[in-house]
Amino acid sequence: MALLGRLLPLALALALGPAATPAGPARSPYQLVLQHSRLRGRQHGPNVCAVQKLIGTNKKYFTNCKQWYQRKICGKSTVISYECCPGYEKVPGEKGCPAALPLSNLYETLGVVGATTTQLYTDRTEKLRPEMEGPGSFTIFAPSNEAWSSLPAEVLDSLVSNVNIEIHHYPNGIVTVNCARLLKADHHATNGVVHLIDKVISTVTNNIQQIIEIEDTFETLRAAVAASGLNTLLEGDGQYTLLAPTNEAFEKIPAETLNRILGDPEALRDLLNNHILKSAMCAEAIVAGLSLETLEGTTLEVGCSGDMLTINGKPIISNKDVLATNGVIHFIDELLIPDSAKTLFELAADSDVSTAIDLFRQAGLSSHLSGNERLTLLAPMNSVFKDGTPPINAQTKNLLLNHMIKDQLASKYLYHGQTLDTLGGKKLRVFVYRNSLCIENSCIAAHDKRGRYGTLFSMDRVLTPPMGTVMDVLKGDNRFSMLVAAIQSAGLTETLNREGVYTVFAPTNEAFQALPRGELNKLMGNAKELANILKYHVGDEILVSGGIGALVRLKSLQGDKLEVSSKNNMVSVNKEPVADVDIMATNGVVHAISSVLQPPANRPQERGDELADSALEIFKQASAFSRATQSSVKLAPVYQRLLERMRH
């Protein structure tokens, strides 16, 4: 929120105009912080406020809850001191600050709040003191004595009249006036109100665009702004923060990258918009990390470390708080290139996919990652290759081509069952699960990065495109020869060859051989029973390993449900471990298992009249069966049976 006040002509940097309070509406952030400081100081008496003082300086801050416990401002340690809250004073012999300050005119109130240097300069003017002592309703922003003493003589001599005043309220309770921090607000006088600030306010005449044009260090920025057409915005109304890259910042990036961006109007505009915050942000308002949105739509982390401001954790601001009529400029010595202005190669440089990118480069596919082709790159993360990378040959190159989608996608718009065309000529399917978004067997492991022409998806494994139907997959793997024979005997070949969405838990040859010979022969000789058991191994939807949560109940073609779970990257079905996962087929997925699953109806059932061990233990220890109970004609047989079972 900004208030633009027209002030009376002054020889000093004082804001003298209609009475107003920077605290804004009731319960503003400033008031909330002041209230917290008052609560922390109440043990010392009425109207006592706790303040945090930076060690080794005279800078003080009213404290909010977070700062109170951290005891730090911009990473620097503070000490807690206690003083009278604004508007109150001590009384000898009494605890706290019980007395309200006397209500005097503005001139005398300056002395009350300790702004004696401002009083002194007021005395040196002909008309100002009478104005401040006379009738009226004014607001004065009075620099503290320290603010005046820190002002260079040449700056003091240059102070002129008609200062434009911009007041900004921040969520952390800080209030600034032309980037001077409000120290104490709302000292009321008979003819107005006094606010104590930590800097002398000087005149501001140039807008952001005019400052860019006159600063030698902005030569490249000046040309970029002109080429992008943003000069109209930067010379217009509004309140912005420009994180202005210096010539040095532009020189730090490769010439090829710089020339590409400068020659691409859309990328250039995104680059510059990423350096413009949507509101004015003065350095004094930063006492801890803040997330601030740029005009480009990205979020920057603006923080501080001691006296230095940081952006995304880096101390790259070389000059801060250069005021303009429509905002504030901070000089930065490093470019903030947004993802939207980057190539796929540049996106990958900031991601955990460098091993995959090296494979694409070695396979001669670099042109796809640096050109203006609309693509989505499915890049496996570095951890996928912890056991080594595949050799570069024709097969590997074709596999990598199938990791490139022929369109620039956004993961939030993908839907279940969607098919995607690859540069390798394959069609890939999208699977949406409760907590996963997968493309074939590979699931997206991080937020996608959308570049100028391409989007980067970081994937949790190397993608394997489907190679034939489920039946083709089983026939092509020697581990499943007995399963293939069983499927053919049961008449299920056509089912697993046709179009569909199946999850097959495929018993290996070892699984069948582990069955008792008599049971195996009986099973293979009964086509109906064999079909029933095999259908129990087939789920009626596609479930890849990345889509399995703690427990998923998957309906089988037989009708009963399979219980599929995943723990510590190990997949199980009905508590039996899965030996090999995610063998993709055009009509489903195959998971190899080392046992033959039995439908619930085929499993050995416990006798319904059997008591659990815990129940038997209760009967052992119970004293309810008294002699009278044992002699009862009706209960004695029951008691005797229980004793017999407990002996066994």
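The backbone N, Cα and C atoms fix where each Cβ goes, glycine too.
Given the structure is predicted, the values throughout are model-derived calculations rather than measurements.
Residues or ranges marked as domain 'EMI' by TrEMBL: 45-99. Per TrEMBL, the feature domain 'FAS1' maps to 103-201, 205-336, 340-463, 467-597. Under the heading signal peptide, TrEMBL lists 1-23.
Each residue of the domain 'FAS1' (467-597) gets a DSSP state, and the totals for helix, strand and coil are 50 helix, 40 strand, 41 coil. Mean per-residue pLDDT, taken over the domain 'FAS1' (340-463), amounts to 95.
Counting residues per DSSP class in helix, strand and coil order gives 37 helix, 32 strand, 55 coil for the domain 'FAS1' (340-463). The DSSP breakdown of the domain 'FAS1' (205-336), given as helix, strand and coil counts, is 49 helix, 39 strand, 44 coil.
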